[in-house]
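Chemist: Structure incoming, see below.
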Amino acid sequence: MLFVLDTMVSAADTTSISASSFFGFMGVTMALVLANLGAGYGTFKAGAGIAAIGIWKPEIIMKSLIPVVMAGILGIYGMIVAVLLSQKVKNPLYYTYKSGFAHMASGLCCGCSCIAAGFAIGIVGDVGVRGNAQQERLFVGLILILIFAEALALYGLIVSLILSQS
């Protein structure tokens, strides 16, 4: 497949089409889509917990929004990586396979780590918000666990930025 794409020539302007750009743009896509998938799941799961406790303890709803905000940050991580990678994908004649594969790995690194963090934030947020409604002393522990869950995505973002430079 790669060899077929490498030998293709556009009939309109006789420039060759390289598959290396495909891999670079797949990195852009994976960073944004997977990060938003993690953010969406985290928001959905934590939001369900907030809706459940809002019925019988509406005074702690604002304090319980922290997991939803932290899940939203995951989407921002994906957007940062996607914008940086999209600016690095160049003309196929000057964009190598090494760059394409590195940018795809960069996008997958950010996206997959954001999915993992989104699952953790969503599940911990749901259970933690419900537990916090019953026992106020759980709040500090909940925040610490959420911070460590968010750190998973931050690690992926850092490695993704390093990969995007190669």
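Along the chain as shown, residues are numbered 1 onward.
Heads up, the Cβ atoms here are built off N, Cα and C, so glycines get one too.
Bear in mind that TrEMBL entries carry predicted annotations, made automatically and left uncurated.
Residues or ranges marked as domain 'V-ATPase proteolipid subunit C-like' in TrEMBL: 26-85, 104-163. As annotated by TrEMBL, transmembrane segment applies to 20-44, 65-85, 105-127, 139-163.
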Chemist: Along the domain 'V-ATPase proteolipid subunit C-like' (26-85), what average pLDDT does this model show?
Modeler: 95
Chemist: For the domain 'V-ATPase proteolipid subunit C-like' (26-85), jot down how many residues DSSP puts in helix, in strand and in coil.
Modeler: 55 helix, 0 strand, 5 coil
